[in-house]
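What Swiss-Prot lists as signal peptide is 1-21. The Ca(2+) binding site annotation in Swiss-Prot covers Asp41, Cys81, Asp314, His315, and the record cites similarity to another entry as its basis. The 3-oxoalanine (Cys) annotation in Swiss-Prot covers Cys81, and the record cites similarity to another entry as its basis. Taken from Swiss-Prot, the feature active site, nucleophile covers Cys81, and the record attributes it to similarity to another entry. Summarising the annotation, Swiss-Prot assigns substrate binding site to Lys129, His252. If you look up Swiss-Prot, you'll see Asn194, Asn263, Asn376, Asn414, Asn499 marked as N-linked glycosylation site.
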Amino acid sequence: MGSGGPLLLLRGLLLVGAAYCAAPRPPRHSSRPNVLLVACDSFDGRLTFYPGNQTVDLPFINFMKRHGSVFLNAYTNSPICCPSRAAMWSGLFTHLTESWNNFKGLDPDYVTWMDLMQKHGYYTQKYGKLDYTSGHHSVSNRVEAWTRDVEFLLRQEGRPKVNLTGDRRHVRVMKTDWQVTDKAVTWIKKEAVNLTQPFALYLGLNLPHPYPSPYAGENFGSSTFLTSPYWLEKVKYEAIKIPTWTALSEMHPVDYYSSYTKNCTGEFTKQEVRRIRAFYYAMCAETDAMLGEIISALQDTDLLKKTIIMFTSDHGELAMEHRQFYKMSMYEGSSHVPLLVMGPGIRKQQQVSAVVSLVDIYPTMLDLARIPVLQNLSGYSLLPLLLEKAEDEVPRRGPRPSWVLSEFHGCNVNASTYMLRTDQWKYITYSDGVSVPPQLFDLSADPDELTNVAIKFPETVQSLDKILRSIVNYPKVSSTVQNYNKKQFISWKQSLGQNYSNVIANLRWHQDWLKEPKKYEDAIDRWLSQREQRK
């Protein structure tokens, strides 16, 4: 960050705001725009509009809202890092990419939207976190996902905690993210400014994802919300909402499993919950400042008025809503993502209420680059919802559906999960659609998702389930995932040979496992002896 810090950056952007608004909108058939996508990790989309935006100062997101459009109902297609990013980079739903968990993503040679833009004349550049190809993440993460059908219940995460570092002068807390942000800024100022062709720039950030905790001891995994006093002062404590929790005995069975494996079934004081949420919001403020660095670099090089900017996240963060932290859930805190777009031709100060999802980014990028949109994509271009003038609309395939789909097949959840979101309803079903009860929430009357009304509205459940089955044969997909998990675990177990017992006893669940290791090994053996699920 420059010597003046975020405040000076913001003042500079406020001064250029009028000039940006007055900049002429390039005609539809003029040179193609530059495109920038900033994708962070674990950012709750509800913080980008009222009332969530009252909780923390996010000046650069607000700048994008004033000079562009914000989507009020944007969702991840899978609330976990790799599967979500696989959907975003491929334009395909998770059951089509078969990115079932954080270890299984796209093939390295898969043609992404950025590959096509490069093929059609764009100069492309990527910095930071990508995380959409196979073979990443820890052994613990893989094994926990593969064994979620085993009949045992083990804590897989550390109890969420906070950590305050530095003083009021400590701005750059997440050093890795600031380093890649600096690289992107340098590239803009030294390389992009001299290009004779349009560019597509991607910046991937780790924040506001919780930080890793010590592997051994009472806390392990990635459960630390870390920030400095500088960012914590951006949070309005009086506006922090303490979530209402359902009693453990009344929780949906999948929610209870998630809460237990995330180590959240113990006692938490209101002060603990408030601090966890405050530290998370402070991490969001630091993320916003990195976005500001990029916007300022574009302004300094006179590229801002020539560039379409998108800001989003792979998923959200529950931050102790529904007695959980992390993601891996279809509740709003986890599945609702930010999506803001600004640039030449984009409507300003617009709030878009249509339901959209991350698979829509692929066709949108192709539209921006004047590349014919592939017909097999799961997503639809966002441009018809964004462009200032009707004549600017690009040819597209059929009407946008009135729903979005999200699905989850990874760790911390013991059943494949499918979510269909419409304008009013959120329908969540599991596994084969029979063995686990569904959930239905009326988000217009119950935005906190505290009352499952599936029994009260059986016709709505039936109607939404019919739509869902027309999109995906989810019982078959669930069976496919179960068989995949078992085969992967068997292969991993065989690769360890005599070391299997020692290795599995030292994964993230080691504290619970070591209490009764024989019991848990026997449970795995029973699971392995069961017949393969029919597809």
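Glycine is treated like the rest: Cβ placed from N, Cα and C.
Sequence features annotated in Swiss-Prot and their locations in the structure.
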residue: Asp41; record: Ca(2+) binding site; contacts (Cβ under 8 Å, 6+ apart): Cys81, Lys129, Gly204, Leu205, Asn206, Leu207, Pro208, His209, Ser313, Asp314, His315
residue: Asn194; record: N-linked glycosylation site; contacts (Cβ under 8 Å, 6+ apart): none
residue: His252; record: substrate binding site; contacts (Cβ under 8 Å, 6+ apart): Pro437, Gln439, Asn452
residue: Asn263; record: N-linked glycosylation site; contacts (Cβ under 8 Å, 6+ apart): Arg155, Gln156, Glu157, Gly158, Arg159, Pro160, Ser223
residue: Asn376; record: N-linked glycosylation site; contacts (Cβ under 8 Å, 6+ apart): Leu92
residue: Asn414; record: N-linked glycosylation site; contacts (Cβ under 8 Å, 6+ apart): Arg148, Asp149, Val254, Tyr257
residue: Asn499; record: N-linked glycosylation site; contacts (Cβ under 8 Å, 6+ apart): none
Checklist outcome for this item: CB neighbours within 10 A of Asp314 (Ca(2+) binding site), counting all protein chains shown, number 30
Checklist outcome for this item: Around the recorded Ca(2+) site (Asp41, Cys81, Asp314, His315), other residues with Cβ within 8 Å of the Cβ centre, ordered by sequence, are Ser42, Thr76, Pro79, Ile80, Ser84, Arg85, Asp131, His209, Ser313, Lys327
Item to check | Which listed residue (Lys129, His315) has most other Cβ within 10 Å, given these are binding-site residues | outcome: His315
Checklist entry - In terms of DSSP three-state secondary structure, what is the assignment for Asn263 (N-linked glycosylation site)? => result coil
Checklist outcome for this item: Three-class DSSP assignment, His252 (substrate binding site), comes back as coil
